[in-house]
Each structure stands twice: as structure tokens, then as C-alpha cells.
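As given in TrEMBL:
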{"type": "TRANSMEM", "residues": "109-126", "note": "transmembrane segment"}
{"type": "TRANSMEM", "residues": "156-182", "note": "transmembrane segment"}
{"type": "TRANSMEM", "residues": "202-227", "note": "transmembrane segment"}
{"type": "TRANSMEM", "residues": "303-323", "note": "transmembrane segment"}
{"type": "TRANSMEM", "residues": "329-348", "note": "transmembrane segment"}
{"type": "TRANSMEM", "residues": "396-417", "note": "transmembrane segment"}
{"type": "TRANSMEM", "residues": "429-449", "note": "transmembrane segment"}
{"type": "TRANSMEM", "residues": "455-476", "note": "transmembrane segment"}
């Protein structure tokens, strides 16, 4: 089992054994409670079932406790809560129009979408092998998306507000929700040319949305506000001292930035431009989760990442406002917000790529261009999750599961768009094919070389940097597609 298994066991123990006033102060374990209050209450509810499996798992001092009953309960809890994800997928499939009708059920867009979501490789290994509750959380997100597509705006807003207080990483996509609700719900009509009819602004609708946000926030944060602990909760949710990058660099812009700094450092040392004695000895790829200084390039602060993220998100938000396309435009903006935050965010985890891959699945079955972007992003993003499963017995499992999902993704989407041009060009195909020799080198060749003793971080560095190139390319390609897309006056009016 993974460290996340112990994280959630510890949270079960904290919420079950301690009063609410101590939840966000308890620090017996290094895995302190750092999720919003709704998730803490979720763990509290689970703990009252867990005590019937093994009450010892609920003792705070029992660090790294992993009895068979504990493992069984943890695994079953993930499977059970995935029922919400299954329901959300069903609702999303109901939102898909039937323009591409097929006689064979296996070629129907709704069937393909269901498989792409329910059997998503990344979600499967992160939740059911590594261990987390992402299926339950993504279920809330997809259900909120479905409700917005069904024009049930208040339900969608409520679900997303609740989701934010379960896991705050979803704040990445909050701009897409905010602008779409403002454009589609708070303004109730457009002019004939598709432009906004300013007189259609509904104060009632804004008030209802505001009430939803305030009530959910009050329910979540209110108890800690009364206890005077809100600053402590915020400090736990946003621990900026953890550093720019996670122990394994997420494959984003900062991975490329760090790699460039490393390369320039090595070059500087060889050319005697740098003094070896003045270079920090702590490696950014040695598994450390802390603040550090770059050697050659300017060091990055949390404020710098915030500014970069804001700038990266801005064009997608403008498109959602000035080039409205209904639910499709909302999904495009949501994916771009998720990808932009992944690319430039502070201390991003590699698992956050799923926040873009899953909603992009809904777009992939509608247009060939989006299908091609999905294949690049999902293949590269899923491959970047391989380091999460690092033991020898897990190697054939992750490779087989990845192959099954990837082969299905390519074959089903190719069949769906067989009358159109190829989904990938030759350069994109070559890039994806080279993931195979990269995996062979990292898993088989490198461990047999003497470099393993001196440079153990090399496989992680290569995986991160190579995948960062593909994810950056997919992000740029989607942005270009959205910014250059022309929409008719009729579409705007609708």
C-alpha cells in the first residue's frame, strides 16, 4: 500500500478519536489533516463503520498500522463511494446528443464515453492500487457538469460548492464555473447577434447563487470560525513551505524549468562559470519536499506561480464570456483552467492531471480535433503516473492496464471518426511511440547500470520531463483550437 493509505488511516483516527477543535492541530503523524472540513467529516463518518472492522486503526498513536481488516475496510470504502462516480457518468452520458448514431452499441458515443470514464486507467491505479478517493470526488464534479449541461444551474452550483469544501484542488476550475454561471444563468438572454443583453441581468439569480456559496461555506467553515481556528485551517490547506515541486516533479512547465536549471548548472560547472562550493547540495529530484533555490535561473515564489496561472487561465475565461458555445464552451474552459493550473501551479501533484483528462473525455467523442488532443493528453498523462507504482510486482499490472485502456481509446475514437482525417499526425505518433523505449530504459536498463547508485533520480527526471513536453503540447494545441475556432451567429444566439 502507498503513503496515501496511511494518510487516510491517520485521518480516520484523528476525526474519530479527537474533538473537532484538535483536528487541524494534531501532528503526531507527519500526515496531518490538510483537506477541507467536509472531507474531515467524511472521514469521521467512515470511522464509525471502520471501528467494526478493527478499532485499532482508529488509534492516533498507531502509526503505519495496516492489519488485514484495515486494508479490507479502506479498499471497500473506495469501491463503495465509487457508486457516486458511476451515477455521475450515467448522467453525463444522458447529456450527449445523438448526432453520431451507430447500429452497433460498441460504437455509440455514449458507450465510448462511459468506458473512457469508468475504466480510466489513471483513476483506477490512483484510487484502487495507490489509494485515494478521487472517484467519489470526480463523481461530484462530473455530476455538477451534467447538471449545468441540463440547465439545472442551482443544482450544479450547489454540487460544485460542496466539492470545493471536500477538496480544494478543484478551485483550479472555479473560474470556469463562475463565468459560465454568470453568463448563462445570471444573464438570461442574448441579443440576435449573440452578444450579451445587459438588461437581462437577474439580481434574483445572483442572490440565489450567493446564498448557495455562503450557506455551504458557513456549514463547512463555520464551526472553525467560531472556535477561532480558521487561520489554522487555511494554513493547513495551503502549505506553501512544501516547495515549488512535489518529490516527483509533476510533468508541467516547472519540471522543464527545473531541468533547464540543472542542465545550465552542469554546463556552468564544466565551463568553470560556477563555483561548486556555492551550489546547494540538496537535490530537487532526491525526494525532498521543501523550499529550495534554483542555481542559475531565478527562483520561483508562490506569488510568481499564482501570476503565471492567472495569465494562463485568462484567455480561456475571455473565450467563455465573449465566444459562448453553451456546455461545450464551458467544458473547453474547464479543461483549460485545469491544465493551466497544472502547468503553472505551486507544488502540483502528478495526479492532478486527471482533473483535465476526465472532463476532456466528454469533448473527445464530439469532435475529431478534440479526440486527437485527448489521446495525446491521456496517454502522456497516464504514463506520467507510472512512478506511483514502483514495486516489481506492480510493473506488469500497470503496463497491462495502460495498454488495455490506451488500445481501446485509440481504436474506439478512430472508429468513431473514421470518415475524417487521422486523429494524430506523424510527429505526434512518433512522440507517443517513444514512451515505450523510455519505459524500457527506466524499468529494465537503468537499474542494471552503475548510474543507479549515484543518480537514482534519473528515471523520474526523464519521465517527468518527457511527459511535460507532451502535456505542454496538448495544452497549447487545445488553446489554439479554442482561440481560433469560429462560431456562427446562430450558435452564439443559442
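Just so you know, glycine gets a Cβ as well, placed from its N, Cα and C.
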I'm a bit unsure how to read this: which one of 109-126, 156-182, 202-227, 303-323, 429-449 has the highest number of Cβ pairs shorter than 8 Å with the transmembrane segment (455-476)?
429-449
Beyond the flanks of the transmembrane segment (329-348) by at least 6 residues, Cβ under 8 Å:
145, 148-149, 172-177, 179-180, 184, 239-240, 242-246, 250, 252-254, 289, 302, 305-306, 308-309, 312-313, 315-317, 319-320, 323, 355-356, 359-360, 362-363, 377, 471-472, 474-475, 478-479, 482
With pairs restricted to those 6 or more apart in sequence, evaluate whether the transmembrane segment (109-126) and the transmembrane segment (396-417) have 3+ C-beta pairs under 8 Å.
yes
